[in-house]
Amino acid sequence: MKMGSACLFTALHLCLSAFSTGTLAVTANFNENFEVSWAPTNVKFLGGESLQLVLDQSTGSGFASKESYLFGNIDMQIKLVPGDSAGTVTAYYLSSEGAKHDELDFEFLGNASGQPYVLQTNVFSAGVGGREQRITLWFDPTQDFHTYSVNWSTKRVVFLVDGVPIRVFSNNEAAGVPYLRQQAMRVYSSIWNGDSWATQGGLVKINWAHAPFVATYHNFRAANACRASTAASASVCARAAANHISATGGAGPSIDRSKLQWVKKNFMVYDYCTDSARYSTAPIECTREF
């Protein structure tokens, strides 16, 4: 066996092991797993175990994972900007590159003190987005760390907050909707000035007297995740996922539907699926959630 083939065989074996046993994981150390993507003076590594992003009047900041992933459970614990965070946006997302990129977004829209934080999620597949949903959170995300997760398989993507499903985007390729199953994605986060739109449609601006605005990150984990930093390794990951699906009968990640409905009933404040002014006919995926 040639060296290149041997490497691909090893990668395939590792990815199959990850899907079948759940033992392959990337955890914790931010120095090892992430690099600064924007404004290094405003990115603070805290002993490797935690990281802070800072927004001040001069600039925001951001970081990105060194690895790319194709499928898996991606978790990050975040403590959001406290106090009057109106106009700020803290984004945590997965994304590939290029015009027809895939992307899975958590965007935390800042608020005036005492108002609930709004969490906006969005899905891009093959470069097409416009799938925003917004919920208010049922806790104060500035007082402690909470876990924000993406559970990504060949069957569906599930967004979760502290293990509670808040959104599902299923594979509807059979109905003509591109799905996120070919492009590996890196993990990103940034904090920036979004006061043209983020809080009450841009009516409430950033109060720079309250700067700097700080978001803190802890306990990154990528479990069952296939590392796919090259086109060849992404192909290996896709084959491993297909083999796993074949072996397990095609089961996607489980969903607690009662909790998902609880979130939709009590905390949903915007859903593109019901925005008739924007879409005269609901997008196909809206009628085929599972």
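Cβ atoms are placed via backbone N, Cα and C, with glycine included.
Those TrEMBL annotations? Automatic predictions, nothing curated.
What TrEMBL says about this protein:
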SIGNAL    1-25  signal peptide
DOMAIN    9-217  domain 'GH16'
ACT_SITE  E103  active site, nucleophile
ACT_SITE  E107  active site, proton donor
CARBOHYD  N111  N-linked glycosylation site
N111 (N-linked glycosylation site), number of other Cβ atoms within 10 Å: 24
For the domain 'GH16' (9-217), the mean pLDDT of the predicted model: 90
Cβ neighbour count (within 10 Å, all chains shown) around E107 (active site, proton donor): 19
Between N111 (N-linked glycosylation site) and E103 (active site, nucleophile), the C-alpha gap once rounded to whole angstrom: 25
E103 (active site, nucleophile) CB neighbourhood, other CB atoms within 10 A: 18
